[in-house]
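> The structure is given below, and queries will be raised subsequently.
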Amino acid sequence: MILDWLLDGMVALLILAAALWTLAAPTPFAAVIGFVGFGLLASLAWVRLAAVDVALTEAAVGAGATGVILLQSAVRLRRGAAEVAAATPGRATTLLAGLLAGGLGLGLALAVLALPATVPGPAAEAAARSAEVGLGNLVAAVLMAYRGLDTLLESIVLVFAVLAVWAMGPDRHWGGIPGPRFARQRDGPLALLARWLPPVGIVIGIHIAWVGADAPGGKFQGGTVLAAMWVLAWGAGLVRPPSVADRRVRLVLVAGPLGFLLAGLLGAVLDGSFLAWPAALGKPLLLLVEAAMTLSVAAALALLVVGPPERRA
Amino acid sequence: MSGPVLYGLLGAALVALGLFGLVVQAAVLRKILAFNLLGGGVFLLFGVVARRTAPAGLAADPVPQAMVITGIVVAFAATALAVAMALRMYQITAAVTVSPPPDAQAGDA
């Protein structure tokens, strides 16, 4: 009990310290490093809250993928210290913002303390649905069946985000190669890692996506690992991002959402409601959609990390 | 007080810190970081609620957990877009903040 308290207290303090550092760090680069630390520590908090699926997602997406994007931009947005100093609000605004934020935090803290010990939730209904679709991992069952619409829309959000990021490129580069170009690494730790890690990482990524049906894991966590392996090879100059006009890339990107949508429509025809997994086809169909989604999530995450087109194909 | 309550209070503190940073910090990249801290706080509050609606035999309610997973992925997509927009703005105007340039402010006055 005391050990639990010590552990929780330490994790909470470290998270708070990482968050403070993220806000107060002297350089943007140091702030981003603080944020990645914050994400990794937050995933520890999720483990302590018995939410292992969330912990995996937070570590992979919240800390890892977000961290890579932020680090890239911190390197590119290094200048402008004078402009930032000129635009930083004065003491009165800071005080007002402090009062506003402090008041909100206090209100939320009081709400947390006033929460009833246990209240009935929708979990029982979700558990019933999970038995129907044959998924042992309740979180996966919620993602695919009980709240399938959320997941479908989320996968479409990823596609739209890629489109929006691509649209940030200048007109003359449309249809070109996205992202910065990295020199091919022939020696050193990056060259070694980029050759040795992907074969292992790809197997692990697929494994995480596959066991997600019955254990912590799933398409988002597995897809992120797959994307990370490609990003590693890209960073070492071993692979080149495909042109944004490449039809194969676009097909991989939309395969998951499209498969999900078609399966949902099939449910509407066979079972009378959209996204009802038809009992006759149930699990095989679901696994097919999950596989397509894993590929699409991996492609979307990698393309979001790479960024808008920056040069001609 | 128990472990989940502690993390709930931490979530509340993170929301406050994130909101404060979002208002007070001028650089766009810092604002994006603060926004992500705010989001992390909201997710933690969700996690605490997930412990409270957990049915017998389960450690945590799977429904809020699934929604937090969705939230983390959407927050990542939003961050990627925000960063791409910040970089494009920097390319075009060489600005790293969203405040109007000093000469424009002088013109208004």
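Cβ atoms are placed via backbone N, Cα and C, with glycine included.
Automatic prediction, not curation, is the source of TrEMBL annotations.
According to TrEMBL, the transmembrane segment annotation covers A:5-23, A:54-75, A:95-115, A:152-169, A:190-210, A:222-239, A:251-270, A:285-306. Sequence annotations record features per position, and here TrEMBL assigns domain 'MrpA C-terminal/MbhD' to A:13-78. Marked as domain 'Na+/H+ antiporter MnhB subunit-related protein' by TrEMBL: A:190-307.
Give me the lay of the land around each of these features.
Beyond the ends of the transmembrane segment (A:95-115), by six or more residues, the same chain brings 89 to within a C-beta distance below 8 angstroms of the stretch.
For the domain 'Na+/H+ antiporter MnhB subunit-related protein' (A:190-307), DSSP puts the residue distribution at 89 helix, 0 strand, 29 coil.
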> Where among A:54-75, A:152-169, A:285-306 do we find the most Cβ pairs under 8 Å to the transmembrane segment (A:251-270)?
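Result: A:285-306.
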> Please report, as numbers and ranges, the same-chain residues at least 6 past the borders of the transmembrane segment (A:5-23) whose CB is under 8 Å from any CB of it.
30-32, 34-35, 37-38, 41-42, 44-45, 48
> Treating G and I as helix alongside H, and B as strand alongside E, what does DSSP give for the domain 'MrpA C-terminal/MbhD' (A:13-78) in helix, strand and coil?
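Across the domain 'MrpA C-terminal/MbhD' (A:13-78), DSSP assigns the residues as follows: 58 helix, 0 strand, 8 coil.
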> Sort out the residues at least 6 away from either end of the transmembrane segment (A:152-169), same chain, that have Cβ-Cβ distances under 8 Å to it, and list them.
176, 178, 244, 253-254, 256-257, 260-261, 264, 275, 293, 296-297, 300-301, 303-304, 307-310
> Mean pLDDT over the domain 'Na+/H+ antiporter MnhB subunit-related protein' (A:190-307): what is the value?
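So the average pLDDT across the domain 'Na+/H+ antiporter MnhB subunit-related protein' (A:190-307) works out to 90.
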